[in-house]
Structures are given as structure tokens and as C-alpha cells.
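For reference, TrEMBL has these:
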- 12-33: transmembrane segment (TRANSMEM)
- 45-63: transmembrane segment (TRANSMEM)
- 83-100: transmembrane segment (TRANSMEM)
- 112-130: transmembrane segment (TRANSMEM)
- His149, His153: Zn(2+) binding site (BINDING)
- 189-213: transmembrane segment (TRANSMEM)
Amino acid sequence: MSTHARHICYFFDYGALSLYSLGCAFTYGAYAMPDRWVNSTLHHYFVPMAAFNSFICTSLSCYSRFPELECPRLSKVLRTTAFVYPFVYDNIPLFYRLLFCVGDGCTWNDATAGYFYHLFFALLTGFLFASHLPERLAPGRFDYIGHSHQLFHICAVVGTHFQLEAVLSDVRSRQAWLSTQAPAPAFSATFGTISLALLGNLLIIGGFTVALLRWPGGSSILQSTVPEAGRPKEQ
């Protein structure tokens, strides 16, 4: 694969992750909000803000590929920030339910344990992504088995499993109550938000693709002679 195609594929990868974060916001907004937050201002604007966050996530992560060779640390910080920010925003309802809420309206149910496990594996995923452990302790020993890139994908999948199980538990236990407290999201509004987010992210990806070709420093990215073996592994 050419370096040009490689960067564009990562642009689409980042866009897909941004849309995943929006999907989480749809689910949490519908079923995971604490009882006392239902119909609050945050509840009403939770999904629109998540759609806006998807644009920030895609923009930051795509831009992070430009200074990758000259300033790898800056690139890493930008990319990590791009995904930590929507994760923290999406999980505000969970953080409140699990860590801060006391008394009535705290929504402690069978989903609670699943959300704890989900957050644990999500934090472990971020730690592995940022730390490059264990391969940084023994370079070359974990190139094929046990590399942090492999481990963080495994943790992400396990965390997503617990996330889905917890959401399904919330659906079973809270759907009847929620239907009496807040109107169900309209299909047209949901479809419209997803469509706008998809279109916006595609435009961002298209813009960065054009910039990659026209940027004066783009030749250093597209025609880099750094051997593949000498490059840090992509995450």
C-alpha cells in the first residue's frame, strides 16, 4: 500500500471511530441517563453535542498525521486527545451514576456492574495505547505476540461486550419507566443527526485528503524514505 493510501485509510478509520462515539451517545441518552437527569438540559442537548464532538475527533485525529514524522510526540498527544475527549463526554452519565450519585434517582440496577467493567477495560485500552507497554520494556520481544496494539484491541472488544450487556440490561429494566418520563427520540431526528454527522465527517476527511496532496510539506509525508521497520507501530 502506498503511503498516500495508508494515510487516507487512517482518515476513514478515525471517522468511523468518531461515529462510534456518536452511537454511544445515542444509546446512553436513550437508556443510561441517571433518573434525576432525565429531561434535563444536558439530556436534551446530549446527542447534538456528541455529533459536534465527532467533528472535533475526526479533525484532530486526521490532523495528527501531518506532524507525525517531524513531531511524533505532538502527533501522539493530538491523536490521544481526539479520542479521550468524546469518550469522557459520552460517559458523563455513567461517571455520575457510578461515582457521584447518592440517594434517590441514582439508577443502581443490574447494569451497574457491566458499566464498571466497561469503564475498566476502556481505561486499560487507553493506558496500553499511550504507554506502549510491554514492548517498550523489551524491544523486539513482542512484535508478533503481546504487542500493546494487539492488547488494546482485545481490551476494547471485551469492554464493548460489557457495554452492550449493560445497555441491554438498562433497556430491560428502565424502558417502561423511561417511556413515561421522556418522549422517545423521533426516527426523523435520529436519522437526520446521523446523516449530518456522516456527511460532516466525510467532508472533513475529504478536506484533509486534499490538504495531504496540496500541503507544501506533504511530500515529506507521501514520499518519506523512512523504512517501515524503523517507524513506530501505528495505533
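Glycine is treated like the rest: Cβ placed from N, Cα and C.
Whatever TrEMBL says is automated annotation, not expert-curated.
Sequence-distant contacts of the transmembrane segment (112-130) (same chain, six or more residues past either end, CB-CB distance under 8 Å): 32, 76, 80, 83-84, 87, 91, 94, 97-98, 148, 151-152, 155-156, 158-160, 162-163, 165-166, 169, 235.
Taking the Cβ of His149 (Zn(2+) binding site) as centre and 10 Å as the limit, one finds 15 other Cβ atoms among all the protein chains shown. In three-state terms derived from DSSP, His153 (Zn(2+) binding site) belongs to a helical segment.
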